[in-house]
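According to TrEMBL, the features are:
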DOMAIN    61-167  domain 'THUMP'
BINDING   L185, L186, H210, F211, R267, G289, Q298  ATP binding site
Amino acid sequence: MEYADMLLLRFGEFTLKGKNRTRFEKTMLRHVREIVKPYPKARLLKEYGRIYVELNGEPAQELLEALVKVFGISSISPVKAVRPVLEEIIDASLRFIEMVNPEPGTTFKVNARRVWKDFPHGSQEMNRLVSAPLLKAFQALSVDVRTPEFELRVEIREQQAYIFCENIPAVGGFPLGTNGKAMLLLSGGIDSPVAAWSSMRRGLEVECVHFFSYPYTSREARQKVVDLARVLSRYAGKIRLHLVPFTEVQTSFAGIGQDNLMVTLMRRAMLRIATTLAEREGALALVTGESLGQVASQTLPSMNVIGRATELPLLRPLVMMDKAEIVDLAQQIGTYDLSILPYEDCCTLFLPKSPTTNPNLHVVEKVEAALPDYADRLAEAAAAAITVEVTPHGDERPADEADLILTVKEDWF
Ligand code: ATP
Ligand code: MG
């Protein structure tokens, strides 16, 4: 990697989208600029469908590792830059192959492109001019123009010629926030952080809402969600997290003799409150970490009855994924170790022995209608939400944290 003078960033599928393209590319550039900021010598060059990061001595490997995570980048190539002169191009190509150190029998091809039309040799001619000395110097190599094991790319421009071969896959997707905003229900579990990342990768700006039932759930449980949001903010720059006190709503379901509907009622209440917050914040959809069949509340009949509590589109990015795939993603994005910390979620409280897998919508609606001042309670919970803006390296804390600590202390005495 030390040979690289530049990193070439290619864009993903969004390049297909005609009129949005400029907006997408601008967002992309802004995001890359943000990542490159701590490396003052690095310079960005924007070109149609690509961004080049000129390293000027900044560490290629470190920047590469950060940039493969930027949404909208489909692949990255470390590039050697030389003067656009035949001898220098051949020389650099030889050194390139030396580094690749191919096994005997390896097939390759040279793929040259003359962008600068005044360069004296055409693209086809350059393919021959560059591969001949390579074949001579490396007897182990042979040419295969159709399915080579590696391709040496040479791009000749007026200022410089670029030589590269590695095509390192990056995360892909759409640039951050280019497909609008959604409100994600973030628990402390494994799934919802992965759903958040998947949504962001699809170009959604994500705000998170978390429901906590203090003092039935601990301060640590809530802090864990703040910490999860911090991991997510590495991908987004910042994450707005709304913390909703859910105790009052939850206790309104106690003692009504509908224990097996408890989870259904709770989930519907969460969706209602999340809808209020989404409307307030201008989010056009809700997102959850639900996955079909995973637990009683995620059977199709349950999803049907729960989903009807909101009129907003309810996105479930993980709905068809296996748990093993979700766990794998959680490990890759860095949320897994936090997610498995053993703190109570408000939904595991008052959990009935046998939650229904097949709730009846009419019964559920009747039960809700009979709850005293239910709509007011939901509205109050939404209004009492505390918002924290979480950033990757910050130490932001919810404004009421001191109050929570005080309450704990009072409990002790
Ligand atoms: P997760 O791993 O995300 O907790 P799960 O498989 O454990 O998911 P549930 O706990 O039943 O499933 O929750 C289903 C979804 O409901 C979660 O993915 C999340 O989007 C939402 N949710 C559950 N509990 C909370 C909470 N306390 N605050 C906000 N959202 C929640
Ligand atoms: Mg959970």
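Going from the start of the chain as shown, residues are counted 1 onward.
Glycine is treated like the rest: Cβ placed from N, Cα and C.
Positions of the features from TrEMBL, shown on the structure.
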residue : record           : Cβ within 10 Å
L185    : ATP binding site : 22
L186    : ATP binding site : 28
H210    : ATP binding site : 27
F211    : ATP binding site : 28
R267    : ATP binding site : 23
G289    : ATP binding site : 24
Q298    : ATP binding site : 22
Field: Stretch-averaged pLDDT - the domain 'THUMP' (61-167)
entry: 92
Statement: Record-listed ATP binders L185, L186, H210, F211, R267, G289, Q298 have a maximum CA to CA distance, in Å, of 19
- line: Residues in the domain 'THUMP' (61-167) per DSSP class, helix first, strand next, coil last, are 37 helix, 31 strand, 39 coil
Statement: Per DSSP (helix/strand/coil reduction), R267 (ATP binding site) sits in helix
